[in-house]
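Mind looking over this structure? Questions follow.
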Amino acid sequence: MATTEDTPASAGPRYAPEDPTLPQPWKGLIDGSTGILYYWNPETNVTQYERPSAPPPHSATTPKLAQIPVPSSGQGHQAQHEQAKPVGHVSQQHGFQQQPQQFPSQHVRPQMMQQHPAQQMPQQSGQQFPQQQSQSMVPHPHGHPSVQTYQPTTQQQQQGMQNQHSQMPQQLSHQYAHSQQHYMGFRPHMQTQGLQNSHQTPQGGPHGQQFPSQQEYNSLAPKREGDEFHGGKKTGFSQPHLPNSERSPSQNTHFEANAASQKTNANLAMAQKCNGPQANAAVTQFQQPGANLIHQQLGPRAPNQMDQTMLHQKSHVSPFQSNNTYENNLQSRPGNDSYVNMRMEVPVRGAQPLHPAAMPKDIRISGGPPTNADPAMGQTGHGTYGHAGPAFPNKSLVRPHFVTSPDVPHLSPVEIYRKQHEVTTTGENIPAPYITFESSGLPPEILRELLSAGFPSPTPIQAQTWPIALQSRDIVAIAKTGSGKTLGYLIPAFILLRHCRNDSRNGPTVLILAPTRELATQIQDEALRFGRSSRISCTCLYGGAPKGPQLKELERGADIVVATPGRLNDILEMKMIDFQQVSLLVLDEADRMLDMGFEPQIRKIVNEIPPRRQTLMYTATWPKEVRKIASDLLVNPVQVNIGRVDELAANKAITQYVEVVPQMEKERRLEQILRSQERGSKVIIFCSTKRLCDHLARSVGRHFGAVVIHGDKTQGERDWVLNQFRSGKSCVLIATDVAARGLDIKDIRVVINYDFPTGVEDYVHRIGRTGRAGATGVAFTFFTEQDWKYAPDLIKVLEGANQQVPPQVRDIAMRGGGGGGPGYSQDRRGMVNRFDSGGGGTRWDSGGGFGGRGGGFSGREGGFGGREGGFGGREGGFGGRGGRFGMRDDSFGRGGNRGRGFTGPDAGHMNVGGRGGFGRFGNNNNMESRGFGRGSGRGFGRGVGRFDNRRGRSRSRSPDLVRPRRRSSSYSRSRSRSGSYSRSRSRSRSWSRSRSRSPRHSRDRGGHNRSRSYSRSPSPVYERRDRAPRVSGFDIKPPVESVVNLDMNAAAAIENVVPTSLSERQGNGVVESEVEAALVRPVVDEEP
């Protein structure tokens, strides 16, 4: 007992200092949690708070259990043999184990659950048997003291025989009680067990002693057990309501827990959870011949699983260790949450510090249901639910074991992870993903860098590609923007460099190709950031910067080279780089590089790399071009897809707003959005052209401090702009698609598509600049009816990302744009003619302004047919897509040979006819033109016409308007002051365009007939022409008389002649001077 008193204070009861005045066999106990002193009789297992005055009287009557029917007489013989055991031994096994259930400390359930039966049994046996006082204090795994007893072999054998007999169904109460006591001796840590058995344990011994607590039970036992027996649930003494699969090895018969016993225990666990008392009865072998099959499987050894002798015979495993194993196993198994909850409930419900005799029976067993439900209770009493508790339906107490539906396949954690993150793989022997950084086995220094960067776990693309890449296998990874692809290949590169140990001065070991300078420098920054601890060197090669510094860095040596294909190919041709050490090749944004036309350079570079390399290809889309180059460059690759590959998907973390905005309202709406953002929020505005970027920078930048980046900026300017934007000094970045891919800047809140891009893929990449690395973002897109052909794909992207689709966009998609989509005429490549509108109308007549759809002169974005203003120019040019007054190459319109009809930067004439169609343009100045479609060849072009914006004068703003064209000076079509057409002899495009764009502008000059003049020169234009036109065999010269006195009918006739004339002029450059003179004279007469 001294050993027990020296035990540290814990939540469980402990012996009080020995008091010689206490009558025997009473002992003083102290509740470890409350410190309350109470008294316990080991023989009767009675506890009370009043100090006992005399030993309690012993009942001389034996329990009358003859009324309990027994299934066989053979078991009774074994029970009679068990009667010969000393009663002291029975008490020794059950004395102190039963007492904790009556203490106030019994309400502290965790200590009871964690305390092994072997801890408490010696405490009682130490009082009664001197040979068992050799106890060893063993620190319990859960922090509670545990007592390990080493018993003599004789007593172990005796206990073993008792256990063997206690397995069999009992006829007599003392046998029943002995079996119960002995079994409970190994489950003292189960509190509810104690609550029940404290009243039933001293039911009787070999001498037929019966104590008051047993008398309480006898009044109920015959009726209850009889009822249960007739139901096939004979439970005269019951195994604990515990699935055997949840027991520790110490509770098994041979302690080894072999496969057969595990299977049997699993069946028993299922039966106990689903069948309740029937399963318990089966375990106790108290069955009729037709009882549970589980009893037949377990045989007579089931109760012996708790045999103390068998437990201690396995000296290499201590009892407390076995109990710890069980507890851990119990808590770790599924389906035990209901038991845990019940274990938490029991102490609370039994926490009243009442005298055991004064406590109601239902309170003493803690209400009944948890007693039976708790699998850790050990033996729960004679009845399944406790001797003093009402009968409960078992399903209300124990949660049935979870059984998956046969329809649903069992998924492993890896499959669940892949399904949750939409990870699909194609290949053989694909390893499981690294769900956490710790499971990846990465070097500590790399893990520190990743954790310090704030990454909680690998992204799906990283988790799946890392283990594959570390196997030196080729990979094709397809994932959307912002998915963490950069670290997906950098981390394997770091691991490779740790093993290779190559001399970087002989050439790089890792080569990474990227499409743009911005992405290349960004990859370099990430490599230096996460490879700092690994002492990795990295250099970046890109165009737009001097080669000298880059070559010097290569000479110093670099483990990793990040390059754009163009600059790397240049350096390779200079033979300033050696690829013989390259072991890892990475193609980042491979689809973008192919779109930019880098495939020849890529193939040339790859041919210089040894074939033993490992190749990783990361792409956002999977078109056939990418598939082809992947099949050529990769060997047996593993394909890893994040999301669906067959459709373009946007990041669902981005809220997308698509607004149908007229061109003239875009700038005003842009300013509204910028003003609505929080101060300091980073915004990217994407435009389709450099010119528009500069224009917006001038108009918007004054108020919002915007910076611009596009292809015309030098590398120094680009770096400065990006640094300004990253640092927050400039919160608005205006960019072309050069920044649509690979640009990774934190805290970008808003992306605005001022122009819709040339494809939905670019749209997805544009908006992907926000919502990166798990953040959220907002994207605004200005959509016009001219973008109608992208509407169906845009709707798919919006619906795929669960975004709202505006009704206007649906209408545009249904009608094909422009108010009658099928009416759009197309050019030779199937593209929509820019100046044709559907439904037979013309683009020049279709909208506000001077016929323009969005104001201006029917340009896509205002101006005179221009996309962004100007006279037909896409951005502020006179018909030019890129130049100010013309096409990309500063020409007017998109005429026959791609728009060099009326070239020159400052011309007063322009191609108002546009790409084609019979477009009309008119204002009340002097314009009337009719385009005759695209025409054929240079002479006729894509819409002919000329615009003279001056009232009554044929003066061109530039005297050398058409000097780049025809150099022949045989005649002058017009005596304009500028002489702009004096050198055009061929009449190819100059004349044809002039014919196409003039039919209206003479109406404002006194209501005369329509004049087809191109100029309103104050002097007669053709009177000085004495030279007759050259006559050829195929020229048809129109009669001069029909056009001299021109009226409306004659004008119509002339229009019918013009196509033939034009086609002829295209062939030989004939000039119909008479027709031109007739066209000019009515205008000349009007001059003052």
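Backbone N, Cα and C atoms are what each Cβ position is placed from, and that goes for glycine too.
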Any idea which of 261-289, 435-463, 696-724, 783-811 is down as motif 'Q motif' in Swiss-Prot?
435-463
Of the residue ranges 1-28, 393-420, 533-560, which one carries the region 'Disordered' annotation in Swiss-Prot?
1-28
Count the Cβ atoms, other than its own, that fall within 10 Å of the Cβ of T481 (ATP binding site), considering every protein chain shown.
23
Which residues, sitting 6 or more apart from T486 (ATP binding site) on the same chain, put a CB under 8 Å from its CB?
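Counting only residues 6 or more apart in sequence, the Cβ neighbours of T486 (ATP binding site) under 8 Å are Q522, I523, E526, D588, D744.
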List every residue in the same chain as A479 (ATP binding site), at least 6 positions away in sequence, whose Cβ is under 8 Å from its Cβ.
P460, I461, K485, Y618, A620, V640, N641, I642, G643
Looking only at the motif 'DEAD box' (588-591), what is the model's average confidence as pLDDT?
92
What is the number of residues in the motif 'Q motif' (435-463) that are helix, strand and coil, as DSSP sees it?
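Helix/strand/coil tally for the motif 'Q motif' (435-463): 16 helix, 0 strand, 13 coil.
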Neighbours of the ATP site A479, K480, T481, G482, S483, G484, K485, T486: Cβ within 8 Å of the Cβ centroid, same chain, sequence order.
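Going along the sequence, the neighbours appear as T459, I461, G488, A620, I642.
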With an 8 Å cut-off on Cβ-Cβ distance and a minimum sequence separation of at least 6, pull the same-chain contacts of S483 (ATP binding site), or say none.
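Set apart from S483 (ATP binding site) by at least 6 residues yet with Cβ under 8 Å, we have T459, P460, I461, I642.
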Where among the binding-site residues K480, K485 do you find the Cβ with the fewest other Cβ atoms within 10 Å?
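Per-residue Cβ counts within 10 Å for the binding-site residues K480, K485 bottom out at K480.
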Around G484 (ATP binding site), how many other CB atoms lie within 10 A of its CB?
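Cβ-Cβ neighbours of G484 (ATP binding site) within 10 Å number 19.
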For G484 (ATP binding site), what is the secondary structure by DSSP, using just helix, strand and coil?
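In the DSSP reduction, G484 (ATP binding site) maps to coil.
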